[in-house]
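Colleague: One structure coming up, written as structure tokens, with questions to follow.
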Amino acid sequence: MDETQIASLLKSSDLFPIPQSLKLSYGTAGFRGDATLLASTVYRVGILSSLRSLKLAPSTIGLMITASQNKVSDNGVKVSDPSGGMLSQEWEPFADQIANASSPQKLVALIREFVEREEISIGDGKGEVWLARDTRPSGEALLRAAEIGVSSVSGCVAVDYSSAALDDGANGVGGEKMEVLKGYLRNLDIEIRNTGRDGGVLNEIVGADFVQKEKVVPLGFGVNDVGLRCVSFDGDADRLVYFYVSSGEKKIELLDGDKILSLFALFVKEQLNVLDDGCCRLGVVQTAYANGASTDYLKGLGLEVVFAKTGVKRLHKKAAEFDVGIYFEANGHGTILFSEDYVSLLVDKRKGLSEGSDEYNAVSRLVAVSKLINQAVGDAISGLLLVEVVLRHMGWSVQKWHELYKDLPSRQVKVEVPDRTAVVTTREETEALRPLGIQDAINGEIRKYKRGRAFIRPSGTEDVVRVYAEASTQEDADSLADSVAQLVKSFLGSS
Ligand SMILES: CC(=O)N[C@H]1[C@@H](OP(=O)(O)O)O[C@H](CO)[C@@H](O)[C@@H]1O
Ligand SMILES: [Mg+2]
């Protein structure tokens, strides 16, 4: 790095002093926190994105300002690689280091060392970073911070896509985008509620996270909607869950990510059966949060089910090991991955089939799905389109789909503690290694319930410890979650 570059970084970083005692980690899906504390972080992630673009030149990197399902006063930032997938995990330690560097001098020293180690040539290459944001009020200012970060690396430009265009839309960006897409859709009637334009607050009593975790109707839905097929997006529209109002004001039947995964798996398997294609390795990936009944159902279909840690980046990696890999988190993040080799094989195979035959149609359906679904990382809109297509193909109502299996009652709660990092789990996140003794105590509680299952882990996106519990009745699941939450408080103290 030459002197001009160093001077430029020192000058721009002076604009974004790091708040005292800020300690951030890249977490499950980028940095998140109270929006008022994040300008320095976003500026620094802008620099990182430029360096990533130069390292992989010629390439474009995506930088998204969002805190997804978090409350509206939070914000965050995540980075996409040129594939559209999440930033390579190999760069996360560098992201952590620069986000926490306590002065401009320390920041520049870290960047300098990294640029040398990674042999990134600054100056001669052209770097490009595309910026976007969700609808949070803090987004605009943070986007400017990102822009300054990106362009403080010589030869790099930021392209602002945040105003390119403007379903329970969570009062977020998904509602706005669906309005646009609606105009292009034939044969699918969509009514969008919670668009954010009627004064509703982002993610507040609306959206996929709320519906999936609380299992009650979001604002704007009620008795007049009983039985209708409804879908909720989250704040940045990368998750979806379906539901229908069952009876009464608030009660819903939830079709979560596990049920979407099951629908997709069944559909893909049906096509493979037509092809009698034993050589295609079809697998599904879930996390510990998957409902036990969904895992039993998928295994019952004869599918290979593997487990990954929480976070799309981990599920994606495992799904990519299959010819066709389907992954979903229970909360509605997910997609289907087709290996390039398998898609070429299908396209070649189709050439030898007679048009209109069952085999020809099955191949065509699989190829069409590989194009429709967002294989880079999954998103709520392409997920919705595929669910709608598959339901129509099956001739199913949302109720019929719901009957695929019956969820085991479950409950999730969050516990605020002074230091959530005091909880350390095993690799699968299902057992707590620390604080010492807590797992034995949790096991003691689990044993009291029929089909009881529970685990705790520190959230990677919020300052809480999450508790998940499952049991044969809702009362038992609630009571198990409650006792485990009490254990967390007594071992870690409450804040
Ligand atoms: C239990 C749960 O829903 N966890 C969510 C949540 O992560 P945590 O690390 O649990 O806070 O946010 C992630 C990003 O949106 C999402 O991938 C993940 O599934
Ligand atoms: Mg999201």
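Placement of Cβ uses the backbone N, Cα and C atoms for every residue, glycine included.
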Colleague: Can you pick which of Ser68, Ser73, Ser410 TrEMBL lists for the same Mg(2+) site as Asp234, Asp236, Asp238?
Modeller: Ser68
Colleague: For ligand 1, list the binding-site residues among Asp234, Asp238, Glu329, Asn331, Pro458, Gly460 whose CB atom is within a distance below 6 Å of it, in sequence order.
Modeller: Glu329, Asn331, Gly460
Colleague: Tally every other Cβ atom lying within 10 Å of the Cβ atom of Asn331 (substrate binding site).
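Modeller: Asn331 (substrate binding site) is surrounded by 23 other Cβ atoms within 10 Å.
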Colleague: Around ligand 2, within a Cβ distance of under 6 Å, which of the binding-site residues Glu329, Asn331, Gly460, Arg466 show up?
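Modeller: Listed by sequence, the hits amount to none.
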Colleague: List the other residues in this chain whose Cβ sits within 8 Å of the Cβ centroid of the Mg(2+) site residues Ser68, Asp234, Asp236, Asp238, in sequence order.
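Modeller: Nearby residues not in the site list: Thr66, Gln69, Asp134, Gly172, Gly174, Ala208, Phe233, Gly235, Ala237, Arg239, Ala380.
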Colleague: Cβ neighbours within 10 Å, counted over all protein chains: which one of the binding-site residues Asp236, Glu329 has the most?
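Modeller: Highest number of other Cβ atoms within 10 Å: Asp236.
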Colleague: Using Cα coordinates, what distance in whole Å links Asn331 (substrate binding site) and Asp234 (Mg(2+) binding site)?
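Modeller: Roughly 10 Å, rounded to the nearest whole number.
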